[in-house]
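Q: Starting off with a structure, shown below.
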Amino acid sequence: MSEVNEETLRAREALAGHYKEVLGLLGEDVEREGLLKTPERVAKAMQFLTKGYHEDPEAVLRSAMFQEEDYKQMVIVKDIDFFSLCEHHMLPFFGKAHVAYIPKKYITGLSKIPRVVDIFARRLQIQERMTMQIKDCIQRTLDPLGVMVVIEAQHMCMQMRGVEKQNSLTTTSDFTGFFQQAKTREEFMNLIKHNR
C-alpha cells in the first residue's frame with residue numbers, strides 16, 4: 001500500500017472541510033452519527049477518483065516499450081472497464097474502452113493500455129476528450145502506423161437527472177494513420193464486436 005504524502009493529507013483535510021460545509025448547505029445535520037466521517041470519506045474518494053492528474057500515461061507506456069519491427073498487424077485490447085467523472089456535474093460515467101494500434105517499430109506491454117485508459121479516466125472528463133487523449137498518448141509515445149480508440153459509456157448525468165434516459169449509451173471514436181482507411185476501421189469494429 002502506498003504512503004500518503006503530506007500535501008495529499010493537507011488537501012484531503014481541506015476538501016473534507018468543504019464537503020462538511022456542502023452537507024450543511026444541503027440541509028443536513030452534519031453532526032448526526034451517519035455523517036460524522038462522511039466529509040473525510042468523500043474527500044478520500046475524490047482524491048482516488050481524480051488520481052490521474054498525478055500520473056504520467058506516457059511514462060507508463062515507456063516503462064514496457066519494446067522494439068518489434070516484424071509485427072505489423074493490429075494489437076487490440078478491448079472491453080477495458082473504466083469509471084470516470086463528468087466534468088459538468090461531477091457524476092460518474094462508465095463503460096468500456098477498445099484500443100488498437102498497428103506497430104511500426106515499438107510495442108508496449110498489454111497491461112499498459114488499460115493503465116493509460118485508467119489514468120485519463122481518473123480525471124474530471126468528457127468522453128470525447130478522453131477518447132482523443134488516449135489516442136494521442138499512444139500515437140505520441142509508440143509512434144505506430146495507426147491508433148484507434150472506441151469508448152462506449154453510460155452517463156449518470158443523463159440517467160439520474162436531466163433527460164433521465166436510463167438505457168442510453170454514448171459511443172465515441174478517434175483514429176490516426178492506417179485507421180483512416182475504412183477497411184482497417186471496419187476490421188477493428190468487427191474484432192471488437194460482442195459476439196462471444
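Here the Cβ of each residue, glycine as well, is placed from N, Cα and C on the backbone.
Checked Swiss-Prot, it gives:
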{"type": "BINDING", "residues": "Cys86, His89, Cys157", "note": "Zn(2+) binding site"}
Q: Can you tell me whether DSSP puts His89 (Zn(2+) binding site) in helix, strand or coil?
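A: In three-state terms, His89 (Zn(2+) binding site) counts as coil.
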Q: Using an 8 Å cut-off from the Cβ centroid of Cys86, His89, Cys157, can you name the remaining same-chain residues around the Zn(2+) site, in sequence order?
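A: Everything else in range on the chain: Leu85, Glu87, His88, Met90, Leu91, Phe93, His155, Met156, Met158, Arg161.
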